[in-house]
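Database features, via TrEMBL:
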{"type": "DOMAIN", "residues": "23-287", "note": "domain 'NADH:quinone oxidoreductase/Mrp antiporter transmembrane'"}
{"type": "TRANSMEM", "residues": "59-80", "note": "transmembrane segment"}
{"type": "TRANSMEM", "residues": "92-114", "note": "transmembrane segment"}
{"type": "TRANSMEM", "residues": "150-170", "note": "transmembrane segment"}
{"type": "TRANSMEM", "residues": "177-198", "note": "transmembrane segment"}
{"type": "TRANSMEM", "residues": "204-222", "note": "transmembrane segment"}
{"type": "TRANSMEM", "residues": "234-253", "note": "transmembrane segment"}
{"type": "TRANSMEM", "residues": "273-293", "note": "transmembrane segment"}
{"type": "DOMAIN", "residues": "289-342", "note": "domain 'NADH dehydrogenase subunit 2 C-terminal'"}
{"type": "TRANSMEM", "residues": "321-345", "note": "transmembrane segment"}
Amino acid sequence: MSPYALSVLMSSLAIGTITTLSSTHWFLAWMGLEINTLAIIPLMTKMHHPRATESATKYFLTQATASALILFSTTINAWVLGEWTITNLNPMSSTILTIALAMKLGIAPFHLWLPDVLQGLNLMTGLILSTWQKLAPMALLIMINQQLNSSLLVMMAILSTIVGGWGGLNQVQMRKIMAFSSIAHLGWMILILTFFPTLTILNLMIYILLTSSMFMMMINLYSTNINKLATSWLKTPTLSASMMITLMALGGLPPTSGFLPKWLILQEMTKQHMGFISTIMAMSALLSLFFYLRLSYSISLTTAPNISNSNLMWRTQLKPLMILPATIVLSLLLMPITPLLLATIT
């Protein structure tokens, strides 16, 4: 792709998200989401492969349906209340809007497009889809959190964590595993949204940090499935060890940064006298932890294939992205500064 075209598309992605984040008018927020969608579709199809075209088509149809629902719900809201302000919603518009934004994010039961779309993309576009594209819809949910149906959100959250954990168990493709990981993490975010939105922001920040670290390591190691991952230690042993620890952080094991949001969310849910739901969420997190542990085990030196019969690239040819060391360190060591993070976000 031409550098000029790429710069225009990346700028459009940034402009779309910033427009949605800074708007107080529903129509302007909707326009930002549309700019976002239209900017990423050419990035999806730049591989010139049937799978990429299929992914772009599925993504476009899903996002177009969600955008139509958003416009429909906000028009009803303007008709009933006589204004387009984001912070004022009537109950019916709120429910339709929650479903539309869940479709945009890939929250269960509207998640079926996400694994297939992510599998057809290259890793860099997959990174953008898994991180940057979550910002605008999640920001809208956070802005209207007091007017959302908490029962609907809790049901979708439980379903998302169970589907995200169960769906990733039998996967061998790294991009599909990351898609189911995304679904499970989104479940944790929307569970706490109406009770403590600050924790949703913290969870989103840590999710973006961990997912960015994983995708950048996969880009550096050229690993798109478990078999390639098993030989990655031959290329860069240090990076493979870092990936193993980052997978533990994604699973939420202490003392990594991934444990932080789960711990705080379960604590807050217990304070809200929702012990049964907290137990279900904690148990469903074990499903996700299982496939992260399986990946970590495949990276370690004990599993076959621990040698490679193919020609290996020289280690000096691997050029890690400059931001990767910082993201790995932050993925592992945010626990001690938890009070500072919460104070900063609040």
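Cβ coordinates are placed from backbone N, Cα and C, and glycine is handled just like the others.
TrEMBL entries are annotated by machine, without manual review.
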Under an 8 Å Cβ to Cβ limit, what residues of the same chain, 6 or more beyond the ends of the transmembrane segment (59-80), are close to it?
26-27, 30, 33-34, 37, 40-41, 44, 88-90, 92-94, 96-97, 99-101, 103-104, 113, 117, 129
Give me the mean pLDDT over the domain 'NADH dehydrogenase subunit 2 C-terminal' (289-342), rounded to a whole number.
73
